[in-house]
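Here the structure is laid out as structure tokens; the discussion comes afterwards.
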Amino acid sequence: MTNLTIESNPKNTTVLLNSSLTLLCVTNANPPAVYHLYLNETYISNSSSGVFNITFEGDGVYTCVPLNVFGTGSNDTLNFVVVVPPCAEISNKTSVAALGESLNFTCTASGKPKPRIAWTKVGSSEVISHALQVTVNVSRPGTEDNMIQYQCTASNGVGTPAIATVNVTVQFSPEKVTIVEGNKLLLTCNASGEPEPSISWTRIGSSNVLSVSPSLTIVNVSRPGTADSMIQYQCTASNGVDPAVITNPGIETFNMKSGEIVSFLCLGDGNPTPTITWTMRDGVIDWKSVNDPRNVTFVVKAYSSGWYLCTVENKMNAAFKWFRLVVNDAKFSLKLTVTNRDCNNNLQETLQQLPSKVGDVLEKDVSELKAIEVKSYKCGSLTVYFSLEFSRNVDINEVLSVLNNAAVPGVKSFGDFSVDPESIRVIPDDEIPSELPTGTNKEPTDIKTCVCSCKDVLLGSIIGVLLLIIFIFIIYVVWLHKRETARKPRTNEDDGGVYDNEFALKELEPSCPDSSHFIQPHSEYMDLRQASADKTTMPTVSQIGDYAPLHPSTRLWEVPRDHVTIDKIVGKGAFGQVAKGKVVELRGRPGLTTVAIKMLKSNASESDKRDLMKELETMKQLKPHPHVIKLLGCVMESVIQFLEVFLLSLRWSYGVVLYEIFTIGGSPYPRMDGKKIANLLQQGYRMPKPQHVDDKLYEIMMKCWQDDPKRRPTFIDLRNQLKGMETSHKRLINMRMYDNKLYGNIEDLVE
């Protein structure tokens, strides 16, 4: 297994856009492996050291695959979610307004996750609005430059909140209080707040508090020591209120399975005490009943996957913290909306074809997809509710990402169906409509599409056939071995004479052939020809006698081929021929024995060979009879040679079996005249590669169809090659390219 190590980062992590990271791939291999790096299944680069420097430009899955001369090793993956710090901008950054005038400002904000907006007045923590647009009434600034600053703060929990500021210069008539030296002066300061603020009066240029009441009374106004004879007094209001803050900031990611328990902790502080609100997909989650809203715990469901936002807010401001929950499950419900279909046009066709389109999209990137079932639907823009089943737990976020990318306008991954990306969502089962729309009668539960991997099914069938052939071959070899071990050395324990009921074979063809001298009638034989000439002395008439019985349990009947000499052909039959010959060291007969030899013709068919074997088995069981020729022995060497030739031809046939399996029962040599196939094969013709079959599978077929039988792969080699393809997890069959017209049995798949 390849071990991937990322410095100071988990395997599933959240990273900033355009940030860099070092990725290290490690595996044990000899010779050393070269590492290939893929992003979302697209090749990026390779490295012999396994070190890659990555710059993150978007969400993705990085896969590291080790390779050496012996093949491809197991791979490992890293999942990254790219986040972007917030950015805020106000179109009109400066403005001039009269006191009491209303002004409108618009804040443009961006970031990932989507940032939250807060409008405030510089110098005040009170939030004016959370909307992108805000309207303010210009008040007197109370500053020397007569300027008010409003700021838009965009925050999403990534990095530092972005702040955009607009400067408003306030124009107003001057306000002056003129008083005669020595007179009494009364100043009043009106302040409000919750809690009620405290007041303090000071004189500009001095830190001495003149009063802590809303009113300041100067009993005797003295002349100031300034050129303009002006004195400035200042009123300060304070109530000890602090803005809300997150005390455990940062984005947190959780990888969970359905049924497990997850806990989110969001700690906030402020004065007054802030409230905590949880939202998901822009909807408020009702967790108010929890005793401690800062720490929420719940059971993970398939539809729980997504981003959660904790908002800590008081009258001063709001602070935010994000939680990302990645859920893994093998079966869950999902809905999507097809914008170019409704219930009035081809509804049944849509409900039948849409699951296949969804299956094609998912099978490309999520190969563990097992089945899709339409559970229900709604009319209007057609909303379809599915049940998805996988062969193992999968990342639901990954499934949603694949479907969302396929639903992007212009991609056409769903064929003629236009799917709204925003509508694709995992839902709880109780959100699936239990009743169909009025006027429709299509039962959605009847629509179930099996999307088991064609590669797994076909390779399983191929390996099963191969194992069956090997099993039969092993049984046959064991049978031959047992027969061989049961054989005993030939002995001369019998006397050299003839058995009871045995007689010597007369020469059926003398030097000057005369058919009138044949023992058998002339009609039983066809043309005679001499196969060999041997002047060995023939047995005398004294050897004539009755045949002895040849019982299979007491007498061995196999004769080595080199003990037999064929002299001449003495007759031919429908499927065989009879020759005169001699056998050395026949059972109980030292020396040479003249015999009649029955054998097949050189062009005998397989059925003829089987018939001869059956005849031999029958003759072994016959009791002695003066009018029945007795079986003295049989040469079995040709059977072994036949088996060797049979296995070589069987490898060719196995290539044809592969073709039939990969074409889902298609006929070999389609659209060809069967009478011409043999001649075409001798001329080098081979069936072309089906367009939906991978080159590696077709290469195995071509090896089975080698002209030289000895160059065809053994069944052990074939098994190992197919096993290797099965473990490589490569898509070998593309049924979308299947030629329905060329191969005749594709309808069997959809029955």
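Positions of Cβ are set from backbone N, Cα and C atoms, glycine also.
Because TrEMBL annotations are produced automatically, they should be read as predictions rather than curated entries.
Model, not experiment: these values are computed from the prediction.
Residues or ranges marked as domain 'Ig-like' by TrEMBL: 85-157, 161-247, 249-321. Annotated transmembrane segment per TrEMBL: 457-480, in sequence order. What TrEMBL lists as domain 'Protein kinase' is 564-751. The ATP binding site annotation in TrEMBL covers LYS598.
With a threshold of 8 Å between CB atoms, the same-chain residues lying at least 6 positions outside the transmembrane segment (457-480) that come near it are 640, 643, 647, 650, 654, 657-658, 661-662, 715-716, 718-719, 722-723, 725-726, 732-733. Within the domain 'Ig-like' (85-157), the DSSP-based counts of helix, strand and coil residues read 0 helix, 45 strand, 28 coil. Residue counts for the domain 'Ig-like' (161-247) under DSSP (helix as H, G, I; strand as E, B; rest coil) come to 0 helix, 38 strand, 49 coil.
Confidence annotation: the domain 'Ig-like' (85-157) carries a mean pLDDT of 86 in the model.
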